[in-house]
Amino acid sequence: MTTTITPLIAGNWKMNGVRASLDELTALAGILTTGDAPRAIVVVCPPATILAAVARQGATSGILAGGQDCHPAAHGAYTGDIAAGMLADAGAQYVIVGHSERRAAHGETDDLVRSKAEAAIGAGLKPIICVGETEAERDSGRAESVVAAQLAGSIPDAAGQHDVIIAYEPVWAIGTGRTPSNDDIAQMHNSIRRQLVDRFGDKGQGIHILYGGSLKPQNAREILALDNVNGGLVGGASLLAKDFATIISAV
Ligand SMILES: O=C[C@H](O)COP(=O)(O)O
């Protein structure tokens, strides 16, 4: 069965900008609403302090908002954390979970990532579940098995009934200007697709698999055209409206 997936391009602003980023959002909205409508679902995941502003501003231009992380609990004594329901209240429709910067710096395990994804689904959000191997894991020929284990542990069973998005981000490609070869990206995305179909059947055919890691205006067209690459998770290049718009139009 062939399932058509509308590509999705998500920008992860990480801990960058605030006021300047809102100006970029205005510029992006201007570009996206001029000329042909984008062929992709466009999501921006800003710092939490401006999430509501991004959701409000994006509503008029079709740009959707997402959080960058959520806590697995719905509420409680968790100083500094944010619940999925709070992101939804602020206007988010998506939330990134298990980004390698959190897996590494905060010791997040697959179990925790899965709990966060379950919390996101419970709050009506679509979790963007990140997986990816380190350079040492790739060099030792273990990239596919590492990613397979992360997928098995991080995706909740609820993904059989609800929308989740997978983002494959080789850790060594993030913010480095380096990317895997097109063949390596396609091989990994095909392997992820097989695993999703094995576990979720037809539903697995329709799950977005995004590529992330130094996705730039210069390489977006060829990477986004690869087999089973259904969009991208963009870091640095999502901070400038012109660059992000070029990636969106590369779909
Ligand atoms: O979430 C986005 C990724 O970490 C990619 O970041 P990058 O595009 O700056 O390499």
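Quick reminder: no glycine exception, Cβ is built from N, Cα and C everywhere.
Cross-referencing G30, G35, G175 against the substrate binding annotation in TrEMBL, which names N12, W13, K14, S214, G235, G236, picks out G175.
Around E169 (active site, proton acceptor), a 10 Å sphere centred on its CB holds 26 further CB atoms from the protein chains shown. Spatially close to K14 (substrate binding site) yet at least six residues away along the chain are P47, Q68, E101, G235, judged by Cβ distances under 8 angstroms. Residue pair H99 (active site, electrophile) / W13 (substrate binding site) shows a Cα separation of 13 Å. With a CB cut-off of under 6 A applied against ligand 1, the binding-site residues N12, W13, K14, S214 are reduced to N12, S214. In this structure the alpha carbons, written CA, of E169 (active site, proton acceptor) and G236 (substrate binding site) are 14 Å apart.
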